[in-house]
Amino acid sequence: MATANHNLSDYDKTTIPNANKFRFGIVVSEWNPSITEGLYNGAYQTLIQHGVLPSNIVRWNVPGSFELVYGCKKMQKQMVNAVIAIGSVIQGETKHFDFVCEAVSQGIKDLNVLDPTPVIFCVLTDDNLQQAIDRSGGKHGNKGTEAAVAAIKMAELRKNM
Ligand SMILES: Nc1c(NC[C@H](O)[C@H](O)[C@H](O)CO)[nH]c(=O)[nH]c1=O
Ligand SMILES: CC(=O)[C@@H](O)COP(=O)(O)O
């Protein structure tokens, strides 16, 4: 289902466990900061709403989405229950977009395979700035909210394994 048909901020709050015992790492790309800050705010506020203590949210910045893989790999070792990778990749004139998106998605997938700490893929890959705006707190909701919900659910799943 396309995002246009499912608002990223809509979810059943009754299905979310209390996250007051969990600790989360959030790694934020500095490229397109107006977008990534919106994603971070969505994720942060959602974690707080579900009981996470501010002191249990660790934030690191990296230069761009390509560096999210390295930052998340290191964040996995910080005694956190889950990691959220936040980035915004916007198509330019060249194929660089394709290489960055492929590297980040494959790299984060690999982190989930190789380490027991889940890493949530909160990376927008948009054709233009408007699409990114719409998905970072605009008309289609906030992917940061969606990512925080996923992080809590994965932390709970890991706890029960
Ligand atoms: N064009 C975008 C980039 N490019 C930078 C790369 O992510 C990387 O930092 C650089 O190639 C050095 O290794 N990054 C984004 O996050 N978003 C873009 O739109
Ligand atoms: C995703 C990118 O790296 C891209 O925005 C860079 O722009 P360009 O392809 O015009 O160099």
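From the backbone N, Cα and C atoms, a Cβ is placed for every residue, glycine too.
According to TrEMBL, the protein has these features:
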ACT_SITE  HIS96  active site, proton donor
BINDING   TRP31, SER65, PHE66, GLU67, SER88, VAL89, ILE90, PHE121  5-amino-6-(D-ribitylamino)uracil binding site
BINDING   GLU93, THR94, ARG135  (2S)-2-hydroxy-3-oxobutyl phosphate binding site
Restricting the comparison to the recorded positions THR94, HIS96, ARG135, which residue's C-alpha is spatially nearest the C-alpha of SER88 (5-amino-6-(D-ribitylamino)uracil binding site)? ARG135
Binding-site residues considered: SER65, SER88, THR94; fewest surrounding Cβ atoms within 10 Å belongs to THR94
When the Cβ positions of the recorded positions SER65, SER88, VAL89, GLU93, THR94, HIS96 are compared with the atoms of ligand 2, which fall under 6 Å? VAL89, GLU93, THR94, HIS96
Near ligand 1, which of the binding-site residues VAL89, GLU93, THR94, PHE121, ARG135 are found, taking a Cβ distance under 6 A to any of its atoms? VAL89
Under 8 Å between C-beta atoms and at least six apart in sequence, can you list the same-chain neighbours of the residue listed as 'active site, proton donor', or say none if there are none? none
DSSP output for TRP31 (5-amino-6-(D-ribitylamino)uracil binding site) maps to coil
Check the DSSP secondary structure of THR94 ((2S)-2-hydroxy-3-oxobutyl phosphate binding site), expressed as helix, strand or coil. coil
Near PHE121 (5-amino-6-(D-ribitylamino)uracil binding site), how many other Cβ atoms are within 10 Å of its Cβ? 20
